[in-house]
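**Q** This structure is in structure tokens; I'll ask about it shortly.
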Amino acid sequence: MTTSQKHRDFVAEPMGEKPVGSLAGIGDALGKRLEERGFDKAYVVLGQFLVLKKDEDLFREWLKDTCGANAKQSRDCFGCLREWCDAFL
């Protein structure tokens, strides 16, 4: 699987205070929906990812239900967070 530049940029460094839109798969529309639901920073979405025990099906379903992410968007976001965790946790 090839990854986007956005994905590579995200996983290349600590998360810090990056906005939710910095996550691969999360564009302006999904980012706005997530922000409206309290997920304004990438680390808040990471928290949900960890609460769901890094389970791909559960996380992708949550992302779909929370902000309307499609299959590609949820797959990209999951892969981004999984790779970030492998590098930094």
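Glycine is no exception: its Cβ is also placed from the backbone N, Cα and C atoms.
According to Swiss-Prot, the domain 'HhH' annotation covers 20-35. Taken from Swiss-Prot, the feature N-acetylmethionine covers Met1. Swiss-Prot lists Thr2 with the feature N-acetylthreonine, giving similarity to another entry as the kind of evidence. Residues or ranges marked as phosphothreonine by Swiss-Prot on the basis of similarity to another entry: Thr2, Thr3. Here Swiss-Prot flags Ser4 as phosphoserine, drawing on similarity to another entry.
Help me picture these features in the structure, burial and contacts included.
**A** Counting residues 6+ beyond its ends, the domain 'HhH' (20-35) has Cβ neighbours under 8 Å at 3-4, 6-7, 9-10, 41-42, 44-45, 66-69, 72-81 in the same chain.
Listed in sequence order, the residues of the same chain lying 6 or more apart from Thr2 (N-acetylthreonine) and placing their CB within less than 8 Å of its CB: none are present.
Of all the Cβ atoms in the protein chains shown, 15 others lie within 10 Å of the Cβ of Thr3 (phosphothreonine). In the three-state DSSP scheme, Thr3 (phosphothreonine) is classed as coil.
On its own chain, Ser4 (phosphoserine) has Ala24, Asp76 as residues at least 6 apart in sequence with a Cβ closer than 8 Å to its own Cβ.
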